[in-house]
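Engineer: Shown below is the structure under consideration.
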């Protein structure tokens, strides 16, 4: 997950758009959003605009397909929070890889609405950031990274049912999970092979 300490925001290691817009990294249709590629501010803005437009049109469930290596933490926060904010149910569907800020978006949905295709991998880890400037600035930035890490640990603990201490320990390094491991961990609700398996 990426964040930058003044945009430098804070960057993590390691898409969607309004109805009429389509691109290789962001394809949309009614009640469907595809988030693919790095999580950036621009992608987050388009995704949120699309989610809000769909929510205004209808209360029907929205399917969000996610395949991402991660990106900016704050951009992931933006999408995560709007998934919870809007009235329609959002079903997140992982494919290929759901990593870092992508995983943060993925757990914006309730556990029973988190799906993935069979060959999906998941990654969670601590945010990373380049710290620079004066000694005072570096202290401030380090404190912001600590607060972000604690907040993300709490989000994933609540999303998975794991103790915060377990999340903190597991994410000291890159923590990869296959589909069965993600199910056991509480990150994933169900593995599906067909759209017909969506409830």
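Going from the start of the chain as shown, residues are counted 1 onward.
Using the three backbone atoms N, Cα and C, a Cβ is placed for every residue, glycine included.
Pulled from Swiss-Prot, these are the listed features:
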| type | residues | note |
| --- | --- | --- |
| REGION | 1-23 | region 'Disordered' |
| ACT_SITE | 100 | active site, nucleophile |
| ACT_SITE | 125 | active site |
Engineer: Have a look around residue 100 (active site, nucleophile) and count the other CB atoms within 10 A of its CB, chains all included.
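Structural biologist: I count 31 other Cβ atoms within 10 Å of it.
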Engineer: If you draw a 10 Å sphere on the Cβ of residue 125 (active site), how many other Cβ atoms land inside?
Structural biologist: 21
Engineer: Can you see whether DSSP assigns the residue listed as 'active site' to helix, strand or coil?
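Structural biologist: Coil, per DSSP.
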Engineer: What's the CA-CA gap between residue 100 (active site, nucleophile) and residue 125 (active site) in angstrom, rounded?
Structural biologist: 6
Engineer: Helix, strand or coil for the residue listed as 'active site, nucleophile'? Use DSSP.
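Structural biologist: Note: the residue listed as 'active site, nucleophile' is coil by DSSP, not helix or strand.
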